[in-house]
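Q: Below is a structure I'd like to ask you about.
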């Protein structure tokens, strides 16, 4: 759409150019001596108002001056060509034909005038004026021939240089960047570099019939040339491109045939539109790209059109004419681009077609379920690709890559994990020890191993892990060796707490049920108690080589085991005493129950026993005496396993965190079994009967980790050992010795030199036994409380490593006789002696290579199911009574021999001649040592030795110390104690025993003097080794 408006200025227009899109500048006049004024006018253009063109600013020139002939405008600077009047030129001799104006603050201002030609001819005027777009340079040319083009500075109105053309120049124009200047003559075209002033391009080979009329730059490289024909009508347009001084013709076209001459031409700053006027006063709008006519306005003016100009925005085109009018046209973008209606219609139709195609495809997909089929195909292809083309990062990172494709709905995600996969290295040789501890004690430390397992790897390796734990569980149940023989064990404590009920993620270790194979029946133990859920344990790391450790830590606190006796009523206690004759066999199982391990300290600390320990010994002695005076009924022959299943039960154990465990591969925790009160009484009873038959010294000290077992009244909690000494139990059954042989033996003793003294001692012993039996029930009830209180005392290791200290550990352990009667001393003094054992056989826990002081109990043949029990008493004596007690022990030994023979004779009257095997059982986690001496062999030896005379009793001891044929090494065979086998007299035996006791007492006295400042005490510790009969 094109809108036009006409405005009558009142003077002929010779120059016109836009200052801006809304401001049009025109100039003209009547000339010298004419009543028509010469003016410079600024017109405001606004098609929104009724009056589109309005005279906005105007300057009237001197009436004596000539009319303006041309205008050049850029950046609000105005150069106008206008000659002065004839009179003024004649009088001054100068013609200031170039005048400068500026448009500032919406006002036109005159700046000055200059004469570049130096001509005084009033007929010579300024024909051409052109300014660069940026207003930095301008070019002017006069009507004088040949034409000289002057390059001037429009700011200070100075001339830079001149271009001699030698011809009549018809038109000039600057490129948009102001670097090139093109001008044409009637037959030639030339391009000049404004910077250097040199000619870049010249074209003179045009057709002779061509008449060049106008030239304008489209952009910095292209320009358009308008030409006519000399002898015929027609107008042609040609576009050129200048590249590297070699111009090329882009296009050329004859646009009009009827018009002969072009009067004016201009190109919009955007390079899209060409506006030209013809000799018939018409305006044509043409496309620069196609050189076709967009719009033709015929007969716009009544007279010749002198100027045509396009606004900077390209939306207005203005024409000026000598008819004193100005026409202005508003051109829409549709007009400049041709008919846009068809283009819009075509664009609309194309969009409709695209939409129709999309709708058709969507309908087909829905009808034939193609979207689901496409989804399935894509899923399969992605899965194949994930398998066939693994991640390229595998080779770069060098890691095990696990890829998984997850397709949920419309989302497809690929997860790549580069964590190392779970391998068997978790259970490698370096981690065997750790794994073995974890088998039985699944602590939270397992979480640290499990946290490194990725879920995808765990799912692949869960089966192998479960097989590993199955093997571990089988090893635990089969009680296989973990720490091999002669292996060294160095301990490093590490506290670990765990919950058995905890679930360890992502792999939970297989729970190991603590099932009891042979529960021991007890009237005072509640077998329904469950295993405590919280089991804090002290773990120890095993390493090193096995050897005897002579030095002991200087500051090592040990917890003392609490007593075995609980609170029992008198009726229950009587029942327990009756059942004391029945031997108790305790089968050790790694999963279900544990062994009592005796804990013994050094002899120096053993001597410092409090009065409470003495009272406990008195109570134990009373029980022993009562058991001797009132032996239990005979028990029918049956196997040890049947008796255990029938009569005993065991509590489940809760291990306290305050004790340290001797760690085996299965991680077995020791437990306290049975009714401690009943076992304690029956143990004391059997020891008294056995000691009255013979005294055996087992002098082997094999130190292991101390096992302090603490049992509360409900038997539900136990503390595992910290520094334990293992008891090795030996027993001899003299079951086939009849009463006749014992009577002969008694008569032989009575005929000795001390016959009268022995008879008196025997009578006194019988009386004391009757008295003690009445007190046994009352003393037993208080024993447990006293022993509990005394167990809180902590025991310290002797700081001295002198030979005396080492000797004291292997010397005889004695009771404190300061608070018991002479007869009681006689009985107690006949306790087991000490002998040395090889450490490899005596070691229950290879982690400890110290010697262990043990007792050997002789089991009476009446107690066919009696258990091998050990009661070790480390008792110290005061300095004030030590020497007197030594003499009492020596004198009492003779009394024991006579009294024990009498008691054994009485107790064997109603006994069945049962054959009971005696075993000395040393059970290690790594190996099991059994010393099994046949009861029948002992019976035959006993018949031969006791049938002749009394002195042969010594041979029974020698037979016991002889190594059985089926054993490679016996702990008794290495005894360092000398037994008198040649003397037929029991007096000589007694004297030898007294001498040994005195020597031990002297050594103990020396140690006591050295460590007289010690004030720590320790109670008697009672532990029982779980041996199998």
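Cβ atoms here come from the backbone N, Cα and C positions, even for glycine.
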Q: Which is it, of 858-886, 887-915, 916-944, that Swiss-Prot names as region 'Disordered'?
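A: Feature region 'Disordered' in Swiss-Prot: residues 858-886.
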Q: Report, as numbers and ranges, which residues of the same chain sit near the repeat 'WD 2' (300-339): CB under 8 Å and 6 or more residues beyond its ends.
A: 1-18, 20-21, 24, 26, 28, 43, 45, 47, 52-53, 263-270, 272-273, 275-277, 279, 281-283, 285, 287, 292, 294
Q: With Cβ-Cβ distances below 8 Å as the criterion, list the same-chain residues six or more beyond the ends of the transmembrane segment (345-365) that contact it, or say none.
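A: Distant Cβ neighbours of the transmembrane segment (345-365) are 371.
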Q: For the repeat 'WD 1' (257-296), find every same-chain residue at least 6 residues outside the stretch whose CB is under 8 Å from a CB in it, and list them.
A: 2, 133, 176, 213-214, 216-219, 222, 224, 226-229, 232-235, 237, 239, 251, 302-312, 314, 317, 319, 321, 327, 329, 331, 335-338
Q: Mind looking up the mean pLDDT for the topological domain 'Lumenal' (366-1029) in the predicted model?
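A: Within the topological domain 'Lumenal' (366-1029), the model's average pLDDT equals 47.
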Q: Looking only at the repeat 'WD 1' (257-296), how are its residues distributed among DSSP helix, strand and coil?
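A: Final tally across the stretch: 0 helix, 21 strand, 19 coil.
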Q: For a three-state summary based on DSSP, what are the helix, strand and coil counts in the repeat 'WD 2' (300-339)?
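A: The counts are 4 helix, 19 strand, 17 coil.
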